[in-house]
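Following: one structure in structure tokens, then a few remarks.
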Amino acid sequence: MLRARPALWAAALTALTLLRGPPAARAGAGTMGAGPVVRCEPCDARAVAQCAPPPPSPPCAELVREPGCGCCLTCALREGQPCGVYTERCGSGLRCQPPPGDPRPLQALLDGRGLCANASAVGRLRPYLLPSASGNGSESEEDHSMGSTENQAGPSTHRVPVSKFHPIHTKMDVIKKGHAKDSQRYKVDYESQSTDTQNFSSESKRETEYGPCRREMEDTLNHLKFLNMLSPRGIHIPNCDKKGFYKKKQCRPSKGRKRGFCWCVDKYGQPLPGFDVKGKGDVHCYSMESK
């Protein structure tokens, strides 16, 4: 019984590892120059016991560990055979490389259209790669797991370095700059709106009479700031006079072609007797609205 294949995001990180060219030098604990770490579950005795028997030696020239976080053994791919993120690993001294001149090398590895080639023949990837740092002397754990038999069943940690893929690197910089510019613009707009709201509240508090209608209107506007969607059907903004009290005529918003109904209230918002709250058509409130 074979273990499950790795998740798609782990596969994408593995593909970026395949494209990064010569391995970066490691110092100390081996974390310098490394990117995100994908930690796999340990290949204990129970996990190994679930593996099917390894293929016989005559057909397989070399046995390697399964791709990703697999613990079982499988046949290694020979030089020139198709390979990719989800296929078996290449044999010792080989590395899965995208076809020369492919405009989308990362997608080629995800689709299994790569080729097992000599690990030292990195010149084929030179058009796609950034210049690597000098002093590269040892391969990372991911290189061993992708192209050799040294990484067998056991606890494994795939250390995925930062991508050296030039087009992705350039596009990511452009995207990050765009996001930073949008975030700054949103911050300025938000601070401006917050300042306007604070000024409005300060001016209203300085008024001699702070009526109930004005308080309801401010509560409604403050509530709208936290809504993701604005639906005029469920929102009622009261009709207030200059002193913050209710005007005689209050109306609901229209719903498409259907006009909203109106009703009459006193200065405190209480419906006046003798007027249908859901009356249709124009409602003429007695005692003209206060100016």
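From the backbone N, Cα and C atoms, a Cβ is placed for every residue, glycine too.
Summarising the annotation, Swiss-Prot assigns disulfide bond to CYS40-CYS69, CYS43-CYS71, CYS51-CYS72, CYS60-CYS75, CYS83-CYS96, CYS90-CYS116, CYS213-CYS240, CYS251-CYS262, CYS264-CYS285. What Swiss-Prot records for 210-285 is domain 'Thyroglobulin type-1'. Annotation source Swiss-Prot lists phosphoserine at SER148, SER201. Per Swiss-Prot, region 'IGF-binding' is recorded for 28-134. For 132-162, 177-211, the entry in Swiss-Prot reads region 'Disordered'.
Note: the Cα of CYS240 (disulfide bond) and the Cα of CYS264 (disulfide bond) are spaced 13 Å from each other. Reported as a whole number, the C-alpha separation between CYS285 (disulfide bond) and CYS51 (disulfide bond) equals 85 Å.
Listed disulfide-bonded residues: CYS43, CYS60, CYS71, CYS72, CYS262; maximum Cβ neighbour count within 10 Å falls on CYS71. Here the CA atom of CYS83 (disulfide bond) lies 16 Å from the CA atom of CYS60 (disulfide bond).
Residue environment of CYS251 (disulfide bond) contains 14 other Cβ atoms, counted within 10 Å of its Cβ in all protein chains. CYS72 (disulfide bond) sits 15 Å from CYS90 (disulfide bond), taking the CA atoms of both as reference points. Across the structure, CYS262 (disulfide bond) and CYS75 (disulfide bond) place their CA atoms 80 angstrom apart.
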